[in-house]
Each structure stands twice: as structure tokens, then as C-alpha cells.
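Colleague: Would you mind keeping the following structure in view while I ask a few things?
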Amino acid sequence: AQAPMAPPAQPGVPGGRGSKVPPARKLLCMCSLSLCLTYLCYNLMGGAGPAALRSPAALPATAAPGAPRSPAALPGTAAPRSPPGPPGSAAVPTASAAPPRASNGSRDAGAWTRTPLAPGEVIAAQSGAFERDPQESSTTDEELSRAGIRGTTPDYGEKRLPQALIIGVKKGGTRALLEAIRAHPDVRAVGTEPHFFDRNYEKGLQWYRDVMPKTLEGQITMEKTPSYFVTNEAPRRIHSMAKDTKLIVVVRNPVTRAISDYTQTLSKKPEIPTFEVLAFKNRTLGLIDASWSAIRIGIYALHLENWLQYFPLSQILFVSGERLITDPAGEMAKVQDFLGLKRIVTEKHFYFNKTKGFPCLKKPEDSSAPRCLGKSKGRTHPKIDPDVIHRLRKFYKPFNVMFYQMTGQDFEWEREESEK
């Protein structure tokens, strides 16, 4: 006898052929579908749309509003020599490698900032240990305000690119000139050195403009960075910004300037070789090492040749660093005339400090103590071998004469030395 057949499975009945999904799993699917529909409706109502679901990496990169353009995007400018960093990152100047040490533990004198010198080359200053000078950038608007020289930068006005620049030279008296011209009510100047045209050019003109103080119509915006004068690219870059920019160069007897430069470095790096060692390639033969930056900066004629390719002599004012000490009011009169300003900074603004050996700045109507430059100025120079000084004078003399002819001014450095 055949066994009775089981009844066919009914749909929806557990164990039946039509029941492929358990009820619990069905309930989970329905809940998930409901949540997805709710989330989609929420996004559509909020206006985010499908783009809201994309990851940040999938979105196209866009420049932030107001971000500076790269130099390559500026008219008449060239791409930077080194690739710029990511947007918004600050450019870090490349530090020079530490000089190698000799086997006896002392620094190898031949490794200190030696660079080959091509014939006829306009020599560019390096940004190594002998060039960087934090003290040159130490005076800020806040410090000047505390000293009572002038108020802080006002909140009104507009930021503009500078119409005048103090472009050099290092240890020539640029800080003294800047502080004096800032006493003029029609001048607004940056207290620190922006180093835009030599170290920060890849940040773009908008960054440079933002560094400047606000000015009113009729006021002059200025800045000073002494290393511009010995930077090959600076004349072309400044000319690209504004070909009518007025340039001021403070020059000083190159022998004295070199010793002052060395003295400043010695105060920060007491382990460096002596001035006599660094000044010569071969002391016995009397070969001056013009690749050392302290010597190189003082070859003014070669540097000026580079600037005259872009700017006429009428747009460059040469200020005597010596007369800026002996007759500050007289030199400031020339500066104010050159900038088209009324002669407001006069002898009433200066007081000669016998201890420091240079003038200090004050307000003529103010009875407070005069504002003197910091301890980094007026350092006592080390005693240098007279024979070394004599050889340096002979080395610089033809360059000085050439510089006098190019500028049409006799700075009397040879006469000054003969009187010593």
C-alpha cells in the first residue's frame, strides 16, 4: 500500500516551498529600505543632493577666495626656481648646510660661504649663515609705539603695493634710514623685512600687498630689505611689479661695511674663523676672496650694473651711510625731496648719542628720551690687522672709482681712509 502523500506546502507557511525568506529577515529588509528612503528624502529636501555623499578627495581642488596667485600667473613674471608648496603653506627659506669640521674639531675656514665667481657675473647674495640677520628685522610697529615714536598702523585706509623701496645695503645704515623716514606723517612703512623679491616671491603679489600697512590717499607705502641690492632677480621682479618704483640704496665704505658685517656674524657665531682668514683665498699672495659675502656685497659697481638694466639712474637715490651719522638731517632732506615729500624730518628729530656713536630719533615736541637703535647696532669692531685693511682698500679702490663714475657722486671713501 502506498503511503499517503503529504499536502503541498503553502506560500507563507514555515517549511513550505514558497517560504524562501524568514519573517525576521523580511522585517530587517523593510526597516533598512525605510531608512534609506527617509535619508534620501532628507538630503533632497536639504538641497545637498548626491554631491553631499562624495568624499572630499573626490571634489575638484579650488583656490581659496583671496588666495595669492602664483608668480607664473602674474603678468610679466616668471615661474619660481623651486616648486611652491601646497596652497596656504608658508615658504621656508632654505638654510645653508652647516660648514664641515676639520679633523681637529674646528670649522674648516674654506667651507664658509665660498662660491665660485664667474667673470663679469653680477654677484648674488646667498641666504646662508652670513646673510641672515634677525636683528635687521627686529623693530616692529608695536615696539615703535611703546617707544612713543609713532602710533601703530591705523585701521583705516587701504593696503597698497610699495611705491618706494630701501633695497640696500646690509650694514650700511638701512635701519637708521627706515626709522627716520617713518617719522614722516606721509610715510607708512613695514617695520620688519618682507624679503619678498628674494625669498618669498612665490607667494605672489597679493601676499606682498597684505604685508603692507594701510595708507590714505597721498601717503607713501615703503619697505626695506637690504639683500635686494645683491639679488640677481630683484631688479626684474620689482620692475615687473611697477617700473616707476623709487629705489633707495644706503652705501658705506666697503671696508668698514665688511668688518661690521663680520662683527655681526661673530656676535652670533663666536666659533667662526678670524676676519683675516675669511678675507683671503691666499694670504701670502694677497688674494682677496671676493666670494665671501662680507667682501662681495661691497663691490657696489657690479651690483648697480644689474639694476641699471631695468631702472634709470634718476629713480635710484644713493644715501651715504657715513653722512647719515654725521649729518642725518641733511641726508634725510635728500630722501624727502627724492620721495616728493615736504621736509618735515629735520635736525629737531635727532640727538647724537656719544656712547653709541650715532644719532637717536625723537619727536621734536616730545620731552621723552630719544629712541635709539637696539644693541645690535654700534657694536665694537674687533681689531683687524692693518695690513689686511690696507690690502682691502687697494682691492676696493677701482670698484669705488667705477661706482663714483656710475652714480655721479664722490663718497670720499679714499679721502676718509687717508685721514686715518
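Cβ from N, Cα, C; glycine included.
According to TrEMBL, the protein carries these features:
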ACT_SITE  K171  active site, for sulfotransferase activity
BINDING   K171, G172, G173, T174, R175, R252, S260, K377, G378, R379, T380, H381  3'-phosphoadenylyl sulfate binding site
COMPBIAS  1-11  compositional bias 'Pro residues'
COMPBIAS  61-80  compositional bias 'Low complexity'
COMPBIAS  88-103  compositional bias 'Low complexity'
DISULFID  C360-C372  disulfide bond
DOMAIN    162-397  domain 'Sulfotransferase'
REGION    1-20  region 'Disordered'
REGION    61-113  region 'Disordered'
REGION    126-156  region 'Disordered'
Colleague: Quick one: among the binding-site residues S260, T380, which has the most Cβ atoms sitting within 10 Å of its own Cβ?
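Modeller: Answer returned by the neighbour count: S260.
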Colleague: In whole Å, how far does the CA atom of the residue listed as 'active site, for sulfotransferase activity' lie from that of T380 (3'-phosphoadenylyl sulfate binding site)?
Modeller: 14
Colleague: Which value does the mean pLDDT take for the domain 'Sulfotransferase' (162-397) in this predicted structure?
Modeller: 92
Colleague: Roughly how many Å lie between the Cα atoms of R175 (3'-phosphoadenylyl sulfate binding site) and C360 (disulfide bond), rounded to a whole value?
Modeller: 12
Colleague: When you rank G173, S260, T380 by Cα distance to C360 (disulfide bond), which of the binding-site residues ends up on top as the closest?
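Modeller: Considering only the listed binding-site residues, the nearest one is G173.
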Colleague: Which residues does G173 (3'-phosphoadenylyl sulfate binding site) neighbour through Cβ under 8 Å, counting only same-chain ones at least six apart?
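Modeller: The answer is V250, R252, V319, G321, L324, I325.
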